[in-house]
Structure formats: structure tokens, C-alpha cells
Amino acid sequence: MKKSIVYEIMETKSSMYLSQFRLWLCFIITTLVSLSSSTRWYDDHISLKEIHAEETFHFPKNFLFGTASSAYQYEGAYLTDGKTLSNWDVFTNISGKIADGSHGKVAVDHYHRYPGDLDLMEDLGVNSYRLSLSWARILPKGRFGDVNMGGIDHYNRMINDILKTGIEPFVTLTHYDIPQELEYRYGSWLNPQIREDFEHYANICFRHFGDRVKFWSTFNEPNVQVILGYRTGTYPPSRCSKPFGNCSCGDSYIEPLVAAHNIILSHLAAVNLYRTKFQEQQRGQIGIVMNTIWFEPISDSLADRLAADRAQAFYLTWFLDPVVFGRYPREMREILGDDLPEFTKDDLKSSKNALDFIGINQYTSRYAKDCLHSVCEPGKGGSRAEGFVYANALKDGLRLGEPVGMEEMLMYATERYKNITLYVTENGFGENNTGVLLNDYQRVKFMSNYLDALKRAMRKGADVRGYFAWSLLDNFEWISGYTIRFGMYHVDFSTQERTPRLSASWYKNFIFQHRALSKDDWCLKQKEDTNFFLI
């Protein structure tokens, strides 16, 4: 027998054995991944039978698994490439405003380090990344100045790199931060002029990035923005009045309503612009992201059940009802009367089809106690501005089972807004900065519990199409500074080194287990990969 024939036979056998070995290795990996599921950390909250039932759930093929961030909390580079001061740049420079006296001038330096951070996302297996744009980086002086092409070029590069990684950008126009110029010039959200500025800004973003961005949200948590900025004064522009806070100026009863109204009108203007000039060609979607709290009646009494409804009206539906139905919630209209701004006929015209989706940021739940027909303790909330509701995390010293709030909130939005598309745009767990904690079991337990609740809502019919973990990295956490850590990756803020926590491995395994691609298909894919062993 010729040597060439012998070598050919040996090569064929080797190839066959190698192919079989790949299949066996794939089986072993799949088994190990299944054994390393989240059930070992959360078997105290549901039975083993229920866990197995949950594990059979597979998300739709186009479901978005991702992580979320915001410009001010991540980017740093606060005066780089033509950017000027934002409201948060100015606010964090005021003594006593931030818990540890810190700021976001560097943050996690995502502006320069995002390519490496995209590698981390790719390793996790996510297929989407929720980020926000810095308004002050694109329009340093609002509509009163030129477009900063340094900012445009940066975001163009970043969006292109995100897409090259196989990840879908999910972009928010503003996540609390605005050019400080607009605050100096006319008082930002307290002035109707802000609508023109926001529409101008949205137009530039749609024009420069919309050919590649298929998911837009106008605002992130405008309810938090106006409550903390204009009622308690703990966020910029730090306006309030007693008894809500001790600010140098402001009106905690009226100004939140005015700011909210101008935000709603700005949202409607941006959506109308996108619908009429961009959506048909760009084929994207546009929505809004809200902070949500599930309010559970503290008792079965009618008064407390109605209080829970009022709590939602004065927190969530305050913004969503005008956008969807063209009017403020009935509970707000009954209590606030003429203090509540009115919508004109022209406003209502643009409110039709004003949402393709609602983004749900869900972290917590509260008990709601009636203060309209009952006496509440002084200093415990429950004012007219809050709908005469006292919201508390505890009942008889015990905390509400918070993961239930995810399921309840998703079903509430589904029923109230007629099966609208939903994305869980933020969900995560913060821990005090007590050193390098890499075995973050509490975060794993939190995420797995909430994701189980999300699955249950989907089984009941909620049209949930994505989940974004907050967050990939530890970052600047607003007035808490760097005292709280939310990252699946620990960040050493002195060196910017990223180190994976247990939650990063857990989330990676969760995505692998639950995406629509079956494990058999995944194994076949690996069998065909000629570089499978070169790792």
C-alpha cells in the first residue's frame, strides 16, 4: 500500500475521531452549563419543581439580551472633543451634593475604553447594548450654537463598532443630562422653549445615526428627573420648597408639573418628527423609558387599594397616559385640578401613535397606604403633590417580596396600554462599596428572581421583547457617587481595570440556556467551527 494512501486513511480516521470528540465535548459543556444554572443560588424562593418549569422557558429568537449604561455615568471625557458642561458637570461640582464628593469627569472612561467594554459584552453573549448620547457633546449650546462634529464622529465610530460586534444599539436621547447652557439661558424644563431645543437635538441624532440605530427612546426616567430635580431638589437643577427640601428657590408643588408637561410635549415633538421624516426610510422604533415601582396596597381595604392606584398615577401614568391617551390620569386631575397644565388640540394631534414601546426600569416595590381618608404620620409623605399616598418598603417590619413587582408591573402596563410592546430597559442590584467583592451571590439571586418574574409575565401574555441588566460595569451612581456598585464587572477606579464578578458568568450562562437557539443547534454550530479548539 502506498504511503499516500496510508496517510489518507489515517487522516480520515483522525478527522472522524476529532469530530466525535467535538460532539462529546459539546455535550459535556452543555451539561456543565446546565448544572451551573442559577437554581443553586435561589432555591429558597421557589420549589424545585417550579425551578425546573422555569428552566424550560426559551425566549423568542429576536429577544434582546443586553446591558445598559448612560453617558454621564460611563463616558468621562467631560470636556473632550468639543463637549461643554452639562447640568451634571455643574451640579457635581457643588459641595455636598454627592455622597463621596465625586463626579463623572472620568467615570469609567467609556469614551476611550468602549472597544474593550464591547469585547466584554461580546463575551457575555448579549445581542444589544442600551446607551445614551450626551446632548452637551453633540450640541454644546443647544440650538443656539453649531453642531459639534467631534461628538458626532465619536458616536458614529461607536455605533459602527457596536454593530461590527454583532450587537444592536438601543439609544436614549437624554438620560438626565442636558447642556448647562439651556439652564443658564431660560431655565431648561420650566420653559416651553425646551421643546424646540429637544426637537432640534432629536433631528440631528436621527439624521446622523438613524440609518443604523433601530431603537430610540426619547427620555430615561423623566418621572425621577422631575421629582428629584424640582420637588426634593436632590438632582439638578436643585429646585424645591419646604417641606420637601431646603433649596434656595423653587416650588415643589407646581414646578414638577410644569417640567413634566414640557418633557411630555418634547417627547411628542420628537416622535412626530421621527414619524413624519425618518421612520419610513430608517425603519426604526421609538419609545420612552420610565422608572417603575410596583405599589402594593398595605391592606385589603378599599382606601388602600385606591391609594395604590393613586401612587401609580402620580409616578408612572403621569407621563404615559398623556402620551397614549392624550390626558393626565383621572386621579391627578381630581386632586390637582387647575394646577395641572392642559393640553391643546395641537398637542393631542401629535399624541396619536406616540409610542412604539415602553421601556420599564424595574428595581423595587413599595407598600401604599392611604393618606386621603386616613391619618398619616407627619413627615411620612402623603402630601397632595404625592397623591395623598404614603409609600413604604416595609410592612410590620418585613420587606415586600420585590421580584413579584416585576411580573405585576409588566402585566399592569400590558393591560392599561393595550398589549403594547415592552422592554425591561434596566434591572440590577447595587451593593455598598466595601472592597473588591467578586462573589456577588446577592446580585445573582436578585437577577434570577426578577428574570423568573419576567418569564411568568411573558407566559401570561406580556409582549416583552428585551431585558437589559444594569449594569456591565461599576459606575458613577448619581448622588451616591462611587459608594454603590451595580456592575457585573468590578472596576478599580484608580486604574480602570475591569474584573468579572460571579454575576457575569451567571448572566452569560443564563443567556446561553434561554435563547431560542437549541443546545443541539449550538453544538452543531461548534462542530462546524474550524477554530473550535484554538481557544
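The backbone N, Cα and C atoms fix where each Cβ goes, glycine too.
What Swiss-Prot records for Gln73, His175, Asn220, Glu221, Tyr363, Glu426, Trp470, Glu477, Trp478, Phe486 is beta-D-glucoside binding site. DSSP assigns Trp470 (beta-D-glucoside binding site) to coil, not to a helix or a strand. The 10 Å shell around the Cβ of Trp470 (beta-D-glucoside binding site) contains 23 further Cβ atoms across the protein chains shown.
Within 10 Å of the C-beta atom of Asn93 (N-linked glycosylation site) sit 12 other C-beta atoms, taking all shown protein chains into account. In three-state terms derived from DSSP, Asn93 (N-linked glycosylation site) belongs to neither a helical nor a strand segment and is classed as coil. Residues annotated as N-linked glycosylation site in Swiss-Prot: Asn93 (among others).
The feature active site, proton donor is assigned by Swiss-Prot to Glu221, with similarity to another entry given as support. Non-local neighbourhood of Glu221 (active site, proton donor): His175, Tyr176, Val289, Met290, Asn291, Asn361, each in the same chain, at least six residues away, with C-beta under 8 Å from its C-beta.
The disulfide bond annotation in Swiss-Prot covers Cys240-Cys247 (among others) and is backed by similarity to another entry. DSSP gives Cys240 (disulfide bond) a coil state; it is part of no helix or strand. All chains included, 24 other C-beta atoms sit within 10 angstroms of the C-beta of Cys240 (disulfide bond).
Sequence annotations record features per position, and here Swiss-Prot assigns N-linked glycosylation site to Asn246 (among others) based on sequence analysis. Other Cβ atoms within 10 Å of the Cβ of Asn246 (N-linked glycosylation site) number 9 in total over all chains.
According to DSSP, Cys376 (disulfide bond) sits in a coil region rather than a helix or strand. Every protein chain shown contributes to the tally, and the Cβ of Cys376 (disulfide bond) ends up with 16 other Cβ atoms within 10 Å. Residues or ranges marked as disulfide bond by Swiss-Prot: Cys371-Cys376 (among others).
Look at Swiss-Prot and you will find Asn419 (among others) tagged as N-linked glycosylation site, backed by sequence analysis. Following the DSSP three-state reduction, the secondary structure of Asn419 (N-linked glycosylation site) is coil. On its own chain, Asn419 (N-linked glycosylation site) has Gly461, Asp463 as residues at least 6 apart in sequence with a Cβ closer than 8 Å to its own Cβ.
Sequence-distant contacts of Glu426 (active site, nucleophile), defined by Cβ-Cβ distance under 8 angstroms and a gap of at least six in the same chain, are Ala68, Arg130, Val289, Gly359, Asn361, Gln362, Tyr363, Phe468, Trp470. Taken from Swiss-Prot, the feature active site, nucleophile applies to Glu426.
Other C-beta atoms found within 10 angstroms of the C-beta of Asn432 (N-linked glycosylation site) number 10, with every protein chain shown included. According to Swiss-Prot, the feature N-linked glycosylation site maps to Asn432 (among others).
With a cut-off of 8 Å between CB atoms and residues at least 6 apart in sequence, the same chain places Gly104, Ala107, Val108, His175, Asn475, Phe476, Glu477, Trp478 near Gln73 (beta-D-glucoside binding site), listed in sequence order. Put simply, of the recorded positions Asn220, Asn246, Cys376, the one whose Cα is nearest the Cα of Asn93 (N-linked glycosylation site) is Asn246. In terms of Cα distance, the disulfide-bonded residues that sit within 10 Å of Asn246 (N-linked glycosylation site) are Cys240, chosen from Cys240, Cys371, Cys376. Distance between Cα atoms for Cys240 (disulfide bond) and Asn220 (beta-D-glucoside binding site): 21 Å, as a whole number. For Cys371 (disulfide bond), other Cβ atoms within 10 Å of its Cβ number 22.
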